[in-house]
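Features as listed in Swiss-Prot:
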type	residues	note
TRANSMEM	32-52	transmembrane segment
TRANSMEM	76-98	transmembrane segment
BINDING	HIS82, HIS183	heme b b562 binding site
BINDING	HIS96, HIS197	heme b b566 binding site
TRANSMEM	113-133	transmembrane segment
TRANSMEM	179-199	transmembrane segment
BINDING	HIS202	ubiquinone binding site
TRANSMEM	225-245	transmembrane segment
TRANSMEM	289-309	transmembrane segment
TRANSMEM	321-341	transmembrane segment
TRANSMEM	348-368	transmembrane segment
Amino acid sequence: MSFRKSNIYLNLLNSYMIDSPQPSSINYWWNLGSLLGLCLVIQICTGIFLAMHYSSNIELAFSAVEHIMRDVQGGWFIRYAHANGASFFFICMYIHIGKGLYYGSYRAPRTLVWNVGVIIFVLTMAAAFLGYCCVYGQMSHWGATVITNLFSAIPFIGNDIVSWLWGGFSVSNPTIQRFFAFHYLVPFIIAAFVIMHFMALHTHGSSNPLGVTGNLDRLPMHGYFIFKDLITVFVFLFFFSLFVFFSPNTMGHPDNYIPGNPLVTPASIVPEWYLLPFYAILRSVPDKLLGVLAMFGAILILLVLPITDRSVIRGNAFKVFSKFFFFLFIANFVLLGHLGECHVEPPFVVMGQIATVIYFAYFLVIVPVVSTIENVLFYVGRKNAK
């Protein structure tokens, strides 16, 4: 027996990363998992080095970021790698979720993998919001004010929760300090859930583009798919480097280069681009409490897909109607992202409300109805074939 199999620790690594049998038909959409792991490593490593030079005191936070940029050797690279790493993390995560929606990765027996993935998604959004506030630029201050104020929509105890979160009567020094503490902690919680995600995936193995269970036509992870992953890793690093070195502020907001000022309200308060679709849903509902419920519901509704999808065939590879509505959903999601950065004025308000209805209808109406129709067509076609 080889040493990698006889050693208790190396055997665990071997079963997950070397000899793990993978479907031979998986394509490059299955490489997003390794890219997300790379993004998480980049974020944790750059975040640790940034924390060495950052001060969470509200009087020093903005200056500390400028100190990192100007005085720390290589500080500009660490800061830009961390900021753009967050954007690339969400790019990969949205594509990964889209792949899961298209190929039915949420279907049994991989429902647990999907549910843990949704938890990782929520935690990543929380970490991104907390980190955005730590810069304490103008948009950071007002973004923190708006988002934390959402808890005031909770009946009876909402205002008390907001004051408790702030540590005072407005976003102040205790707020930024506790946000930084949680921002440092959450990535390690995400890493723990990533391990759980990996363990749940290892139980039944990866799905495949065909949507069928094939335990015979498989190849070992190392030698085949490790090399395949490396191709997309280098492509990712190429585009990541383009942004870090040549256009580091493209995915940021210019107002965040102004120190946070509670006396001056920006013309438009918007979060980072990767939170815009859900921000648009929040703004599309006139009632504050219902808007908050809609925003959080838009994220957690991913958990209902294993229940609402009634199709007997996993994935959309061979389903024409499901393909059409899936791409309609993607276009609608992109539209929500654009509407999230627009001013609250006609016609954007009505467009946001229509896009919000379509978003929820996809999960609660379109998927179950279309999957049922396709089931009927499948059984009729199979009966006629006999």
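Cβ coordinates are placed from backbone N, Cα and C, and glycine is handled just like the others.
Keep in mind it's a predicted model, so treat the numbers as computed, not measured.
Here the features listed in Swiss-Prot are painted onto the structure.
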| residue | record | DSSP (3 states) |
| --- | --- | --- |
| HIS82 | heme b b562 binding site | helix |
| HIS96 | heme b b566 binding site | helix |
| HIS183 | heme b b562 binding site | helix |
| HIS197 | heme b b566 binding site | helix |
| HIS202 | ubiquinone binding site | helix |
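Taking Cβ-Cβ distances under 8 Å and a sequence separation of 6 or more, the neighbours of HIS82 (heme b b562 binding site) in its chain are ILE42, GLN43, THR46, GLY47, LEU50. Counting neighbouring Cβ atoms within 10 Å of each of the binding-site residues (HIS96, HIS197, HIS202), the lowest count belongs to HIS202. The stretches the transmembrane segment (179-199) and the transmembrane segment (32-52) meet in space: the count of Cβ pairs below 8 angstroms, excluding pairs fewer than 6 apart in sequence, reaches at least three. Below 8 A, the CB atoms of the transmembrane segment (225-245) and the transmembrane segment (321-341) form no more than two pairs separated by six or more positions in the chain, fewer than 3 in all. Beyond its flanks by at least six residues, the transmembrane segment (321-341) meets 98, 101-102, 268, 270-271, 273, 275-281, 283-284, 311, 348, 351-352, 355-356, 358-359, 362, 366-367, 370-371, 373-374 of its own chain at Cβ-Cβ distances under 8 Å. Within the same chain, residues 280-281, 283-285, 294, 297-298, 301-302, 304-305, 308-310, 322, 325, 328-329, 332-333, 335-336, 339, 342 sit at least 6 positions outside the transmembrane segment (348-368) and bring their C-beta atoms closer than 8 Å to a C-beta of that stretch.
Taking only the Cα positions, the spacing between HIS183 (heme b b562 binding site) and HIS96 (heme b b566 binding site) is 23 angstrom.
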